[in-house]
């Protein structure tokens, strides 16, 4: 592999690990924000809506940034937006509304980086391998986030010190990405395979909406990503308030979930290849549901941490499996557009399902969390079975070509 390409992949991996730090630490910071700003569960759960707002904006302007500034523009703008956001939160303004605005800004930076590196990886010769490295890096960052927040706050440091750490990580991300992608200007981007697939295909990208696979995959990501985010976002609060866990043990429950997810993506990939993605993913869902039932009925804090780690392990492959099935059902020209669309819908689920849990918790108490994630996982399983039963068809593709 070319040394410059290896450096770019390593830089993108570090960027993804930073994204994992940002996203996974929300759950660990949530009870601290609630206490600092004297918020109800409903009000503090607005934080789950703020980030995806920025992510949706990023999806709309990503092409413009690439066209005008190339990947170098993303490497500059994304980390700088994260730096601005961490600076605002670290200043711990009196108004929680300012914090929400900061999370929206951070979501904009995250969305630009996430979408750009995913689309870039998807057009490379070893796309599955590189995508696996990126998502594995994200999970490792996700595992580190809650643990580091717990270490900082249990040493009697203020919660906003964590955002000094994130600011440092974002600055390093800026330096690494700009160094790796410094030559990837707009003119260089216009010569890439990614640009050709996106802008010069004979098939309109609107053709993705003619495929049932697109809509069922979007529904699957809507339910699955919402469930994943709800677990990560509320598990620390649940452990503190329902299981009587110490802050350290509560933080471990979130870190364990992400550690399990990282290992699940690395290890279960081999089992998935052997059994087939459709059958294997259905089996992982069954195991996940069984673990969630045990989590609902067993009240031990230590057992809960172990169960969260196991749950993350079996949920790890569920997102990549959706991407694999979708790309098998659609022509190659539509892969980038389709994956971007369904991932955006996943972010919507990642916003509204955790927020909905916050609303339910406000009315019925934090104990309902364990039943809510059980219901959400079961719904995701039902959508998966409908999605996985589809078979490849060329009819929408032929219709799209006839219209061009």
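Every residue gets a Cβ built from N, Cα and C, even glycine.
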Which listed span TrEMBL calls transmembrane segment, if the choices are 42-61, 182-201: 42-61
Proximity verdict for the transmembrane segment (248-271) and the transmembrane segment (159-181), three or more C-beta pairs under 8 Å: no
Seg_contact(the transmembrane segment (159-181), the transmembrane segment (213-236)) with at least 3 CB pairs under 8 angstroms, min sep 6: no
Contact call for the transmembrane segment (132-153) against the transmembrane segment (283-314), three or more Cβ pairs under 8 Å: no
